[in-house]
């Protein structure tokens, strides 16, 4: 390839970074023939890489889009001249794009080498579009030729061309490749695709399960409706849609006279919405999940089969599908987006913004300093002047002579005055007074604009006009002053000033234009509203708000690219919609469909409507009907809408939220810096201004402030505010915490001590303590020691009392819900009234007791000083007053009765978790303050603009031909259903739209409903049709008005509302963390620790019985799994194949299949029961689930058999709902329908199979666990609102065709709750609001006075519904989202950090070592276990042995007396070291602190478990750490000896030297290493590297010296050929493991040719004794013989498997002293706990000279291994190695070792006699000396050290 020319280089430098057309490295040859020298290719390259070329192409694409948009689709392939012209133009575009593609292919090559044309995704897209375009043209030509030959076929042939032409709409996508910022957004969406795919699977799964359940339960139920008898006319009331009915049962009866219920109706929505077959069932379920129109479906089902239970189906569907699963999308997207943004941020964008701010501040400071300097100059000059004048001088006269001097003088004076004046002006402009004046003027301006309304009096209009001019003048003056005072440059530096200038100039321009008559006043009066933005000037002195605004402006950048993407998306779908549905939305019923695709603007609006999800289903139904209804081609239409809805609504709109959440965090980080400064100042003030307080108090204050300013985690305002809130919750704003109340246990948790010495647990009071009686007297009579008061205190603080009161609160709440709202004096209400007296009495007594105990309110800590107590008092007082006022004014009583609803709130004070959530909500509300302000301002501004645009224009006459109120009189005819035979006479009415813009308040109300996405299309079309004031609408009069609504929706509903939601989420997450702020564990650590404490080992059951084993083998094999999987899938398909009106044969087949599947699944259950035995089978929750399903299925089969039998025998129908000739389809036979569900539930088993979905499910359940208090709060909210609703709106009559009807009303409590649930999902809540406002018809049974039948409902409905909607939509549902995002952060988290999901692996692998789930394994197995688990939890198989040992020293699990470690302790130690939880510093202290933390967070942890996991202080546990520490020391000795040998070439003979050197290794090498291991400092990479190298170097040593403890004689290794023992276990599993492990070279060192310790031996599950005898570990290459013999003797000969023979058993028998009797002797002292700690037992040491000749004994390194293997190693001193009787660490050696350890910093180990002894043994072994020799040498050494030369007495 030729070198690039210099001009190429230059080009390359100049070219800015464009993603696609970068200069690609060009291949030497393109299309196999064109080289780089080829002139054609050279030309192509230069053109393609020419800068303007890209621009030209982009412009062409843009032009093409315009051409596509102008095209007018017509029905039936009609055309007009414009369309024909555009088709010609299409050829031009096609040619341009073809040329572009061809040139790029020539320049870059086509496909085969890197960077070829088709290697880029965008180019592939281009190529496909161009190719299809060319293909279409060819087809068209073919069609034309065909048409000429055979004119008949033209219609058919044209179709495929039309379909292909639709691909043109993808061209706008090419714009993406031209805009880099778009690609960030797209990238983050693409990155999120994988987790989104999992979620999509989960959603699909939900939809399938619910669709099949729907199919089973509601199949064919929707086809009956009310017809007039003998006709096909559907009987409906006015405004009512036809809906299903039921002849019998509890469905809807036909009430209209002369109507009957019969079948043959296609069904609701022209037969699209039903559950008759799987496809439509899925569509209906999906529509419900999208929360649009789900209530309609529910009400239809209710009408068809009764309302007892269908709500369960729909409500669970909404809760699971909409609230949970679909919010996962948000979790994933925001995670991905934040990551993408992090990358961008690391490039420093945000830093720049900060620096810029800093620079501006500096510059301002500098400018003001300079100007001040100038002024001072002036002052000095002035003073100088005067002195000159006073002195007087002749020279002045000389100046006077010259004429110039006066002018010069004047100019100089003028300059000085100008400077002074400008400085003064600058001061004035900068002063607070000026600022507040401006704010006042802005407020007046706002007032004058807001006072405009429809039909306002003339004087007001005049006043507004004058005010407008005056204010404009004032603003102009302000602007000029600023310009003069600050100088132009500094003035225009501020964005606000630029904006101000723009507003003022536009105002002046407006007045000039209106005065000169060049413009109508309206058009520009909208500009007047922009002045309202001036309100944002407040932000100048309000830092958090100004930062929020800055952050919003900042995120507008990221949102701009998203908007562009959204816009492209909308354009593409609008163009596609025009191709598909243009001109097709005209139906027979002559009703105009407003949301159609007949032209481009209209298509845009329709697509936007589907995107916001409002009524998208009705647009889809129209689309299906346009293609011939719910039959073959029509149904495919739904694909278009579903893709549009999913991509738009779920993905793009959630990215909005992701961006919002992201930018908020940034706004906070700006604020926090300023906050910190303020805190600093405050702290200084505080510490200065506390002279009267004691030192201690002052310290607490400053400490509090410090804590505040620190605020761990993301420093956000939310965080800081939360701190303030927490510290002020129970305080009267004083800096020290107030006394607590019994329920108020915020502060009574133990503080974790900060002192260096840990406090023992006893001092950390973990019990919730009662609040003491305050010092002051209560009611001035009861002193603190008064008997009565003490008794009251005891009662109030008793737990039974609290529970008793809670019970009464619950009962009284239930009584409220049970009231009958319609018949006020019914029997039920009278009984409840008596109950009410009882409740009130109890609550009054409670309050009196509490007041007696704590005093009323005069002193600190008294009853009324706590907000929650005041709430209690208020509730009780209301009850008492309402009882007293029974007779007086009704309205007051009514209000008071409604206030009783607050009773359940008293539970908050009693339940701690609930209280926390409520505080969370309060904090959230306070934090959201700023956002609410900004949103309200924007809303207000839009409302003002709306008033200008639409006031008085939303009137209409119901007879559309009349345009004004005068004309709209008399009667007019109407044809029912467009049928000319049915004529009806109706009176004309002049109607005002319910939502309108006649004044600012109603405008804000209308806009609020728009921002909730409910009913906005109707309002939009009203606005589009609006004409003049007080006249009727004109169809499509002002389409441009849609811009107002779309901008509003994007700005407020997409952006601000999402920021709102984002803020709530961020706040809740912060709040969740604050709860644990003092416990020093972050969320992940908490989760892992909790898992480690709660986890239990799995049973890995292998049956012993050979037949049972065969079954077990089959059941646990993977093939069996796959078979069941396939069967479940088949079952699903069979269930999905059922449909309504299926043939008899089909019915028969499905019945047979059902029986077959039931038999198969029963068989599976039986097999598993045989294999696992009942105990093992029911241990797994999935099996329990299986079992229930099988039982249910069997019942279902039996029932259906009985059914068919009864049906065939023609007998009575006796199932569900009594006997009688009942149509089986009619009655909602919950009995058999319920059992049918079991068929469907088998599907749920599939969830257990897919890994990703399983994790999703697991987290799902986790988030449910996190929700109890949130759920409780939601329940409370619903309860309170439902009861209020019953009291206020219960009397409204139910009228079909209105929103308060048979399915939707407030007459019973369950109905009220369902209605509220509907409002929470946003289903037409604004219409329910209108239906509950004043002036509605009353229920005939209610107690209204005559003539008052239209007085029900109340305008309180506005407050009621708006407050409920806001609470629900912005707080409650976001609680769901916050919890989910919290739990799902793992989807996008960093997998290298240990998290709870890693811990399952540990459980699974542990089970192989501990199949019986005893919870213990041999400590020697721990290393193998951990090497099998991958990091971050385990060590991984490539971890060198020494590093593994060092990590074990750091983990330091407690070791049981039988040499085992426990499950929880091991897991806990792993978690602790992996996450570095309290591993630094003094280990014992850290342990104690950690114990306290665990007790604080997990109060129910049993002390036994806690001691097992973290041994308490003073418990001289033997731990794995100490064991491996001796091992490491020994290794160092060995290395040291090796070095010695290499150095001297032989062994140095002098004992003392050797020992000294050995001790030095302890001190200098081993100790620091162990120290590091203990403090967990092992992560250093180089450490690992070094260890790996060392391991490799020492391979020789390892091999020679065998395994863990010292050298093993080679002859033993040769002869030790034990046969591997396999006791009927499954070879398959373990063989795999063994191969895997042996791949690692490091591993091989640990497996000498010794089959007995082969990994297979581990599987020795059934011979427990063999396990014990052999220690069964892959690390025991030298099964430490002495210890084994010893152990075997303990076990007794009988326990030994007899079959074992071989050299191993010989030495044991040979060794004389170790005969049975000897062991018995040794056993005796073991049973008593003997000597004081640390004292060496004399007996074994005195028996010197026992037979030590036996080679085995000499080599057996007893101590180190033994002190782990002997039972009861706590008093290890009692059984020192007795196998070699003289092997004792004698006093002198021990002293030296202790000294060395202390010097090495291992004091705790030095104090441990066991450890010292083991080390002494290791020292002797390494030096190859007898202990006596070591002792002699040691004594010599001590003599040299001590001055007297005598041996120092040894006291450990």
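Including glycine, each Cβ sits where the backbone N, Cα and C put it.
Quantities reported herein were computed from a predicted structural model and do not represent experimental measurements.
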Swiss-Prot Ca(2+) site partner of 614, 1014, selected from 292, 308, 336: 292
Topological domain name match (Swiss-Prot): residue 960 vs residue 1488, membrane: no
N-linked glycosylation site: annotated position in Swiss-Prot, out of 79, 1672: 79
Swiss-Prot annotation, phosphoserine - which of 393, 1674, 1780: 393
Among ranges 893-911, 912-930, 969-987, 1064-1082, whichever one Swiss-Prot labels transmembrane segment: 893-911
Where Swiss-Prot places motif 'Selectivity filter of repeat I' among the ranges 282-285, 286-289, 290-293: 290-293
Between residue 79 (N-linked glycosylation site) and residue 1141 (N-linked glycosylation site), the C-alpha gap once rounded to whole angstrom: 44
The topological domain 'Extracellular' (1022-1038) - residue tally per DSSP class, helix then strand then coil: 4 helix, 0 strand, 13 coil
Folded-back contacts onto the topological domain 'Extracellular' (71-85), same chain, C-beta under 8 angstroms, at least six residues removed: 158, 578-579, 581-584, 586, 597-600
Positions on the same chain near the topological domain 'Cytoplasmic' (107-115), where near means CB under 8 A and six or more residues out: 24-27, 29-31, 41, 44-45, 48-49
Residue 257 (N-linked glycosylation site) and residue 1141 (N-linked glycosylation site), Cα-Cα, nearest whole angstrom: 31
Intrachain residues whose Cβ lies under 8 Å of the topological domain 'Extracellular' (1290-1311), provided they are six or more past its termini: 236-240, 252, 295, 298-299, 302-303, 307, 817-818, 821-822, 1282-1283, 1318, 1324, 1327-1328, 1330-1332, 1336-1340, 1342, 1344, 1352-1353
Cβ packing number for residue 1141 (N-linked glycosylation site), 10 Å threshold: 10
Tally of residues which DSSP labels helix, strand or coil - the topological domain 'Extracellular' (219-279): 6 helix, 10 strand, 45 coil
Predicted model, mean pLDDT over the topological domain 'Extracellular' (1022-1038): 91
Cβ-based isolation winner (fewest other Cβ atoms within 10 Å) among the glycosylation sites 79, 257: 257
DSSP-derived structure type at residue 1141 (N-linked glycosylation site), helix or strand or else coil: coil
Helix-strand-coil residue split for the topological domain 'Cytoplasmic' (543-561), DSSP-based: 19 helix, 0 strand, 0 coil
Counts of helix, strand and coil residues, the motif 'Selectivity filter of repeat II' (612-615), according to DSSP: 1 helix, 0 strand, 3 coil
